[in-house]
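Enquirer: Quick paste of what TrEMBL says about this protein:
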{"type": "BINDING", "residues": "Arg42, Gly75, Glu98, Asn149", "note": "S-adenosyl-L-methionine binding site"}
{"type": "COMPBIAS", "residues": "365-377", "note": "compositional bias 'Polar residues'"}
{"type": "REGION", "residues": "347-395", "note": "region 'Disordered'"}
Amino acid sequence: MPRLNFKDPEAVRALTCTLLKEDFGLTVEIPLQRLIPTIPLRLNYIHWVEDLMETMGIKAQGPGSHAFIRGIDIGTGTSCIYPLLGATMNGWHFLATEVDDVCYSHACCNVERNRLQDLIQVVKVPEKTLLLEALKENPSVMYDFCMCNPPFFATAEEAKGAKSRSAHRPPPSSVNTGGNTEILAEGGELEFVRRIIQDSLHLMKRLRWYTCMLGKKCSLAPLKEELRRCGVPRVTSTVFCQGRTSRWALAWTFYTDVSIPSPPPKRRKMEKLKRPFTISLPSTVVEQLLGQNGPSVKDSVQEVCRFLEKVLAELKVQFIRVSSAPAEVSLFITAHENTWVHARRKRRKEQQASLTEMACDGDSRSMSSMEFQAASHSDSEHTQSPEGHNSAGVCSVGKVESGDNEVERDLDLPGMRMSGSSKHSVHGDKPVLKSLVNVKGVDDGDQEGNASLFVELHWVEGQNRDSLNQLASVLRNRLLSSCVSPAAPN
């Protein structure tokens, strides 16, 4: 399926002109040397102004409506996009101002081309003219709102992204074709809107709502503070999100008998999911574990899962098999006490006691140094981080949901058996650890490195993540030692 190249100015212009023609019946011409507006964001702004009008008891009735709504577009641009949309959708009347000769000429042509001269008046104003100078000629005319998409940047370097974008942000997804008067202003958008605020302090109730759309979130707070300091009684804001692009809108009024639209709630950042603790088992280890050469992926996964179940039972950790993807087996485990942190010390004591008993009985058989080292290695469940451990993200777990609700539903299914210790299964304390364990096999053609099987331990909940790290170390060492330890002596 072909994709639109938003870095190509001609492609962006073709999209804008096509959407205006197909959805609104508007025919426009836009030069490539000036700003090409994106339609969805402009529509969001128009709809928000409609909401503000409703706070005054005025509803948008569409073309031919008897409701006479008059607005001002500060810096209308070549497309005259806001007046064209407002007039076509709602029958609004507009005074559209412009300081650039090229933009003014094209805006007039686009209004005439769509036969909207009765609703839209485009006027050429001196540079830096905002509201006061533009409204001098007809001081008795009242307006319902003003709209403005101010120049975002203070310098050409900032417009190129040298200072306006942090290092972690991706580059802009579309091309910027705006002329200097459209994207640059002294002091950037912050000072531009402050000048509108100063004009509004003189015009006061001659406009019902003063609005602007901001390109930088950091501009919103100082402008709100400016309005508060100036004693403006009613202020509201919102955010427009369209794909990867966000814009922030600010509005204020000197009318006190209006209901202010509530600003959108703050979006909570999703907590970054963390990658599981991963145990990588080379194919040679899996072959030793199964005692056969070239075992199938399915047999390998099942055998390793049974081995893990045996170890978990020894550690008195509850486990249950849950639904998983076809190429893997999943266990949901719950531990109400940490039985693995001292496993190394306990098993060494047992080994020493066994050796002492053998010596006391006068057993003539002695363990060779190699046997002793192998036995010691088999019980070295230390708490180092397993290979491949990375806690920066989370991998796919097939069809299993790792949230508590989904897991608890699985535990209630009939015929499911919880294994391991049940000594602490009904107390109300928070478990030491809940985890989802996935055993995955990979085909020879798809394997990474020489690994043919992976064991992933996903954190679900518990007292701290160190317990999962420790358990992963124990399971890893037990798996590896089971393959290198010689047979126990008779």
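A Cβ is built for glycine as well, from the same backbone N, Cα and C atoms used for every other residue.
Help me see these features in their spatial surroundings.
Expert: Contacts of Asn149 (S-adenosyl-L-methionine binding site) defined by a Cβ separation under 8 A and a same-chain sequence distance of 6+ are given as Tyr45, Gly75, Gly77, Tyr82, Cys212, Met213, in order along the sequence.
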Enquirer: Listed S-adenosyl-L-methionine-binding residues Arg42, Gly75, Glu98, Asn149 - what's their greatest C-alpha to C-alpha distance in Å?
Expert: 18
Enquirer: List the same-chain residues at least 6 positions away in sequence whose Cβ sits under 8 Å from the Cβ of Arg42 (S-adenosyl-L-methionine binding site), in sequence order, or say none.
Expert: Ile81, Tyr82, Leu85
Enquirer: In sequence order, which residues at least six apart in the same chain have a CB under 8 Å from the CB of Glu98 (S-adenosyl-L-methionine binding site)?
Expert: Gly75, Thr76, Gly77, Tyr104, Ala107, Val122, Val123, Lys124, Val125
